[in-house]
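The structure appears right after this line, and notes come after that.
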């Protein structure tokens, strides 16, 4: 960030951001075979933590869609909270995981979480503690983050989204962003009618299975909404054309 940009960011920062702040990080859409994976973060002054626990944020998976949308809107309107998301396109996931030197999903996840910490720090927010829902071994992940950002205390835990309200808030930002991205997805492929009844995108969802079956192509595989690198996709290509 150039000095002008940094000055502009600092000018728009709320006053509380220069007091010690906490942040939560969580993702949505790690498991599905369709659509983006979204990382979300939520941050606020440490002094706001008690209030945060009264705002009814809960692990987004336990809430109905309308409730998540409603909480996301109130979160966005709250002047004492900041948030950000990182939307990772299915094409990027496939490309990284299918490269000769593969980048696995855990590594992609770790990089996304680190990217959010970096983004919030570069805005001038004084991050003191960051709570992260783990991906892989919690202690190894904590050490990795602490080495990258030595001035921050990291708490990495399984089910952090149901333990810490700041992570629950991040999970709502991530889940609502992913749901909206899927709903409003603009399909690149225009050559034929592509149905939009693709369900949740999870491999076990009957609507998702039916959609994959209807939209496979013997040469081109699947539309770019699909994560080609998922093992789920292999079974659909038994009659695929071999390309030499």
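For all residues, glycine too, the Cβ spot is worked out from N, Cα and C.
Predicted, not measured: the structure shown is a model, and the values here were computed from it.
Summarising the annotation, TrEMBL assigns divalent metal cation binding site to 26, 27, 133. Per TrEMBL, the feature domain 'RNase H type-2' maps to 20-242.
The divalent metal cation site, placed at the center of the C-beta atoms of 26, 27, 133, has further neighbours from the same chain whose C-beta lies within 8 angstroms: 25, 28, 39, 40, 132, 135, 160, 161, 167, 170, 171, 174. Taking the Cβ of residue 27 (divalent metal cation binding site) as centre and 10 Å as the limit, one finds 24 other Cβ atoms among all the protein chains shown. Sequence-distant neighbours of residue 26 (divalent metal cation binding site): residues of the same chain at least 6 apart with a C-beta under 8 Å from its C-beta are 39, 40, 60, 132, 133, 160, 161, 167, 168, 170, 171, 174. Counting every protein chain shown, 27 other Cβ atoms lie within 10 Å of the Cβ of residue 133 (divalent metal cation binding site).
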